[in-house]
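Everything below concerns the one structure shown next.
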Amino acid sequence: QGTAPCGVGAIQVFLSSFLSFLALAASYTDSSDDEVSPREKQQTNSKGSSNFCVKNIKQAEFGRREIEIAEQDMSALISLRKRAQGEKPLAGAKIVGCTHITAQTAVLIETLCALGAQCRWSACNIYSTQNEVAAALAEAGVAVFAWKGESEDDFWWCIDRCVNMDGWQANMILDDGGDLTHWVYKKYPNVFKKIRGIVEESVTGVHRLYQLSKAGKLCVPAMNVNDSVTKQKFDNLYCCRESILDGLKRTTDVMFGGKQVVVCGYGEVGKGCCAALKALGAIVYITEIDPICALQACMDGFRVVKLNEVIRQVDVVITCTGNKNVVTREHLDRMKNSCIVCNMGHSNTEIDVTSLRTPELTWERVRSQVDHVIWPDGKRVVLLAEGRLLNLSCSTVPTFVLSITATTQALALIELYNAPEGRYKQDVYLLPKKMDEYVASLHLPSFDAHLTELTDDQAKYLGLNKNGPFKPNYYR
């Protein structure tokens, strides 16, 4: 009895701490019942500015911690920031951006600001925004318009708010998917003509740029970052190799050993996904239109099939082609019960989700970003992120790999903004190989890696400069 009060006191302290933790977690994850659209809220940051639209500006402190964690594994980008901060190579640049808004892209945005740029930002995906990170950017003075769970109307409204501001006109575009470029081109042609450069990092966006160029409608130079070696070989391959499993595990708790999986597309994203799935014991099939990629898949030990040949038996369907209608309603109708369907490509066009919104099918939300689509006979298909990009909608991606892409984007912006007149015409360009190699070199110290140097005789024999570039510009 003499020790009971002490025990009760300990329990009270524990309960108090636990309740405080729950309150903190609720604030951090934004699990409140507040369903008011951010567009209808009046919010200001600590400096009195309201030039932003985010879910909850009060989450800024948590977002700042997320950004600080990301900075620890983005040393190359921080190094670039420190090296160039004094020179301000982006002084006068007014960058309008449309990318995923995560802790990693926040490090990029703040690096651009440190290098002299003014930035206005929206999200390229309605599900990938980290609300606390958007709040931290808004608190720091970045005009950011984004929140997780935007509607289609919200998505275009946010882009428009970034572009359309009295007394401010963008002269650079950083895009992921081409939606921002398309919006400026269609809605603000006078602004588009005055843009000094566009940097695009996705297959979808690059395809749209090449279409504009082919039609003679691209009136500004653009940099295709997606096809740079540092993007293709690292972000697309290694990032997806790790994040595909993370996204699937978090949403479905699926065990991969013995599961039959079909991956549509064997480009760099597909290669990364297949390597991870195979390592965990999955039986992996590939669909491909390109005979070279198909042959690579065969040589890597995968069976190349048509989707119709395996659609009835597979447990998981993953798209990563950059195309549209890869998985159609006919495919969905033939899938077996509990088949998981998801997309690892940028756009939400690969899976024909629209065809599932019909009266005879029932949608049941079972988890965040997880829907059961139920057929009249009781069959269920598990659809993830409504067919949008799985890894950034349902999980996170490795910070280090995103540092490589972010550094590439920053250098591409600096190059286009500072290029003398005439260096770049109204066309789409690949990142100069020297710049690709510089980005890679910035990341080698993280591994304590030491490059071998060519002797003068060796360099002469190979016909190379000792300091690079070591690969021709057409190398991919």
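Heads up, the Cβ atoms here are built off N, Cα and C, so glycines get one too.
Any TrEMBL annotation is an automated prediction that lacks curation.
Annotated in TrEMBL:
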- THR102, ASP176, GLU201, LYS231, ASP235: substrate binding site (BINDING)
- GLY267, GLU268, VAL269, GLY270, LYS271, GLY272, GLU288, ASN391: NAD(+) binding site (BINDING)
- 236-397: domain 'S-adenosyl-L-homocysteine hydrolase NAD binding' (DOMAIN)
- 1-25: signal peptide (SIGNAL)
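Residue environment of GLY272 (NAD(+) binding site) contains 24 other Cβ atoms, counted within 10 Å of its Cβ in all protein chains. Between the alpha carbons (Cα) of ASP176 (substrate binding site) and LYS271 (NAD(+) binding site) lies a span of roughly 21 Å. Looking at ASP176, GLU201, ASP235, GLU288, the binding-site residues in this record, the fewest other C-beta atoms within 10 angstroms of the C-beta turn up around GLU288. Rounded to the nearest whole angstrom, the C-alpha distance between GLU201 (substrate binding site) and VAL269 (NAD(+) binding site) is 14. Long-range Cβ neighbours of GLY270 (NAD(+) binding site) (same chain, at least 6 residues apart, Cβ-Cβ under 8 Å): VAL263, CYS264, ILE286, CYS293, CYS320, THR321, MET344. Residues THR102, ASP176, GLU201, LYS231, ASP235 are recorded as binding substrate; their most distant pair of Cα atoms lies 18 Å apart.
Spacing of VAL269 (NAD(+) binding site) relative to ASP235 (substrate binding site) is 9 Å (Cα to Cα, whole number).
The Cβ of VAL269 (NAD(+) binding site) has 28 other Cβ atoms within 10 Å, all protein chains considered.
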